[in-house]
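Colleague: One structure, as structure tokens, below. Some questions next.
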Amino acid sequence: MNPHALSILLSSLAVGTITTLSSSHWFLAWAGLEINTLAIIPLMTKMHHPRATESATKYFLTQAAASALILFSTITNAWTTGEWTIITMNDNTSTFMLTIALAIKLGIAPFHLWLPDVMQGLSLTTCLILATWQKLAPMSLMIMTGHQLNTNLLITMAVLSTVVGGWGGLNQTQMRKMMAYSSIAHLGWMTLILSFSPNLTTLNLMIYLMLTSSMFLMMTTLNSTNINKLSTSWLKTPLLASSMMITLMALGGLPPTSGFLPKWLILQEMTKQHLGAVSTLMAMSALLSLFFYLRLSYAISLTTTPNTSNSNMTWRMTNNQMQILPTMITLTTMMLPITPTLLAMLN
């Protein structure tokens with residue numbers, strides 16, 4: 001892609017997200033979401049492959065439907081209450097439609113079916129943008145309106161997302177689809193705690209962005225798009241393969257990695273709210289996700305590929321553009337000891 005066109009598209013992505021984050025009026029927030037959607041579609045189709053075109057078409061249709069529903073819900077709210085500001089969604093019908101629209105935007109179950117198919121048709125770099133940056137604007141709207149949304153609906157979607165995210169990833173061999181189901185499961189945890197502690201939702205979102213970014217950067221460095229390619233990564237770069245194994249454990253929420261922190265705090269808060277049954281169901285559904293993370297870890301570290309390498313220096317890195325990767329891996333694995341500091345910053 002032309003560097004000038006790429007810079008314009010990436011700048012438009014940033015402008016759309018920042019517009020939504022900084023707006024207090026619904027129309028401006030909606031415009032930011034539209035800029036975001038239109039800016040990423042050329043990035044999706046830059047591979048000139050029918051699968052990429054199919055992914056871009058599916059993404060455009062679902063995002064356009066969600067944007068129309070957001071606009072309809074805000075107009076309905078303005079009609080009944082006379083208010084256009086984001087924090088004054090007082091009409092029950094409007095808040096219900098808004099919750100559904102933001103769930104479609106984010107890919108929260110049961111509105112998740114577009115996400116695995118779209119991500120499978122994209123390059124790893126575009127998948128990284130879709131799984132991280134594109135979640136910021138809709139999630140910020142959800143956090144801003146969280147105190148007005150229907151708690152029972154959010155809890156239902158959260159439990160469904162963690163179950164679907166764990167169950168859907170079990171039988172996959174493609175890394176991009178696995179990361180899509182991982183995203184669905186993590187979004188379920190964020191949705192669960194939204195009504196009770198928006199600060200924990202923000203913390204969970206930050207840690208999810210770090211874990212997913214480091215995972216996609218490692219996949220890009222190793223050029224791994226399925227389990228078979230992943231199993232040869234130990235021959236290429238043993239250090240990076242072992243770091244990927246630790247990142248997978250962090251995505252699964254095992255201590256002492258950073259991924260354990262949000263799950264621990266969310267389950268603690270849900271227990272304080274006397275929602276023990278929901279907490280138990282969420283913890284058990286997290287085991288489903290952990291299983292396919294362990295499966296990937298097994299493929300990376302404990303499986304010796306039958307292929308022989310033709311290179312004399314298989315350990316030498318060819319891609320020198322990933323200077324940020326060591327920082328991301330460090331944050332992925334070592335944030336648990338600073339939990340009191342993070343909690344003090346959020347409260």
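The first residue you see is number 1, and the count goes up from there.
Backbone N, Cα and C atoms are what each Cβ position is placed from, and that goes for glycine too.
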Colleague: To which of the residue ranges 24-44, 234-254 does TrEMBL assign the term transmembrane segment?
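Modeller: Comparing 24-44, 234-254 with TrEMBL, transmembrane segment matches 234-254.
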Colleague: Give the mean pLDDT for the domain 'NADH dehydrogenase subunit 2 C-terminal' (290-342) on the 0 to 100 scale.
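Modeller: Value for the domain 'NADH dehydrogenase subunit 2 C-terminal' (290-342), mean pLDDT as a whole number: 73.
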